[in-house]
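The feature pyridoxal 5'-phosphate binding site is assigned by TrEMBL to GLY113, ALA114, ASP246, HIS311, THR312. Summarising the annotation, TrEMBL assigns substrate binding site to TYR148, LYS275, GLY310, ARG406. The N6-(pyridoxal phosphate)lysine annotation in TrEMBL covers LYS275.
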Amino acid sequence: MATAAELTDWDLRHFWHSFTQMSEYESMIIERAEGCWLVDVHGRRYLDGVSSLWCNLLGHRHPRIEAAVAEQLGRLPHATTLGMGNVPAVELSRRLAELAPGDLNRVFYASDGACAVEAALKIAFQYWLQCPQPRSGKTKYLAYDSAYHGDTLGSTAVGGIERFHALYRPLLFDVLRLPPPDARTGDAAFHLAKLEAILQQHHAEIAALVIEPLLQGAAGMVMQPPGYLRGVRELTKKYDVLLIADEIVTGFCRTGRMFACEHEGVTPDMLCLGKSITSGTLPLAATIATDEVYAAFLGDYTTGCTFHHGHTYAGNPMAAAAACATLDVIGDERVLEETVPRLTERLARALAPLQEHPHVGDIRQLGTIVGVELCADRATGALYPPQERHGYHVCKRATGQGVWLRPLGDVIVVMPPLSISDAELELLVSVLTQSIDAVCK
Ligand SMILES: *Cc1c(COP(=O)(O)O)cnc(C)c1O
């Protein structure tokens with residue numbers, strides 16, 4: 001095996017990292033993991049405070065998921081899903097249809113969340129051309145400022161984070177925009193009035209509304225007021241606009257329900273899933289459509305109503321086996337009934353002292369997802385100038401102390417694997433607190 005020094009050299013020379021300014025990148029190469037810990041090529045250990053970017057649900061190297069993947073590797077590592085199924089992907093489709101609310105019964109696979117959103121956007125557009133009463137004018141999307149749906153061009157177009165998306169606007173299709181439905185700026189009625197105003201005026205041109213239900217993740221874990229999502233469902237129905245729920249962050253127990261939509265009794269027309277679906281082991285994503293949406297794509301091949309879209313590795317059997325094993329563990333280990341409520345409470349309790357910190361302005365929590373927002377002055381609520389990058393420096397310092405965190409601007413995400421122990425959580429919070437003290441003094 002290559003030495004740590006060789007690997008570091010190659011990493012710096014040849015590896016262009018996602019969302020990373022390479023001119024300031026300090027090589028960090030992970031060699032193995034166990035439970036909530038990542039171990040680098042120097043043998044240094046880091047507590048994984050953000051579930052390897054919000055996807056490692058049950059802890060690294062869960063024995064049951066590993067066994068399922070190994071078993072599948074020995075049978076069928078890959079087969080296309082163009083015109084054929086494979087055993088784990090068929091089983092997963094049935095299970096997802098059973099778990100998803102209402103008549104969300106038709107599962108379309110991809111390998112990354114962005115591609116699940118991309119598929120949903122194209123399905124929505126095509127649906128209006130092929131549904132029982134076609135509406136060819138419905139060619140636009142409605143989306144939110146500060147939304148994040150991935151980094152392909154379509155998902156970038158419906159994104160609304162200026163720092164990531166503004167540069168690419170000339171490449172992207174036009175999207176009608178709403179301000180973020182932030183609970184701090186208004187209640188459900190206030191935000192729903194804004195939605196209804198735009199729907200009244202533009203519904204005839206809108207194919208679909210895309211939303212991150214209950215919270216905007218990459219915006220900084222920004223929470224929506226109770227009742228908002230339910231109102232969104234009512235209004236999109238009233239104005240004949242499809243509802244695409246991007247649950248790539250919120251899906252699979254993170255918020256306290258299997259899917260966040262369930263908190264408000266909502267069935268969207270399409271549900272996008274990714275991240276935790278394989279508990280962070282293999283790339284997989286899914287777009288689940290209702291029977292009604294799906295029906296619009298059935299017909300004589302020569303009419304062109306087929307969904308001509310797909311990815312080579314979509315529905316990969318090993319990834320699907322990992323997803324089935326993840327669902328097995330969620331069920332057998334009573335994750336929704338016991339682990340999630342307990343961790344929700346443990347996180348709230350462990351982070352409560354930080355509420356009083358002079359440089360913490362807000363702690364936002366939904367289930368096992370937490371954002372700790374830094375501020376310059378607690379009394380006035382003033383934020384730091386973004387270019388000072390306090391969030392970045394706090395996380396860098398925490399990493400130096402053995403707790404790996406990654407910020408969203410000046411919001412520090414705390415979203416460990418659900419298997420985190422009391423001692424590990426205590427370590428996470430104490431290193432986070434010390435890092436805030438040191439950077440924000
Ligand atoms: C991460 C994320 C995506 C994109 O998923 P990828 O697998 O990174 O492409 C889409 N939507 C939301 C809400 C996300 O958090």
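Note that Cβ sites are derived from N, Cα and C of the backbone, with glycine treated the same way.
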Inset, instruction - Output, ordered by sequence, the same-chain residues six or more apart from THR312 (pyridoxal 5'-phosphate binding site) with a CB under 8 Å from its CB, or 'none'. - result: THR80
Inset, instruction - Please classify the secondary structure at ASP246 (pyridoxal 5'-phosphate binding site) using three-state DSSP. - result: strand
Legend entry - Contacting binding-site residues, sequence order - ALA114, ASP246, GLY310, HIS311 vs ligand 1, Cβ under 6 Å: ALA114, ASP246
Inset, instruction - Identify, in sequence order, the residues in the chain of GLY113 (pyridoxal 5'-phosphate binding site) that are 6 or more apart from it along the sequence and have a CB within less than 8 Å of its CB; answer 'none' if there are none. - result: HIS149, GLY150, ASP246, ILE248, CYS272, LEU273, GLY274, LYS275, ALA285
Inset, instruction - Just jot down the residues in the same chain as ARG406 (substrate binding site), at least 6 apart in sequence, with C-beta under 8 A of its C-beta; none if empty. - result: VAL50, LEU53, CYS395, VAL413
Inset, instruction - List the Cα distance (Å, whole number) between TYR148 (substrate binding site) and ALA114 (pyridoxal 5'-phosphate binding site). - result: 9
Inset, instruction - Sorry to bug you, but what's the C-alpha spacing from ALA114 (pyridoxal 5'-phosphate binding site) to GLY310 (substrate binding site), rounded to the closest Å? - result: 13
Legend entry - For ALA114 (pyridoxal 5'-phosphate binding site), nearby residues of its own chain (Cβ under 8 Å, 6 or more apart in sequence): HIS149, GLY150, ASP151, THR152, SER155
Inset, instruction - Count the other Cβ atoms sitting within 10 Å of the Cβ of TYR148 (substrate binding site), across every protein chain shown. - result: 26
Inset, instruction - According to DSSP, folded down to helix, strand and coil, what is ALA114 (pyridoxal 5'-phosphate binding site)? - result: helix
Legend entry - Site with most surrounding Cβ atoms, counting all protein chains shown within 10 Å, from the binding-site residues GLY310, HIS311: HIS311
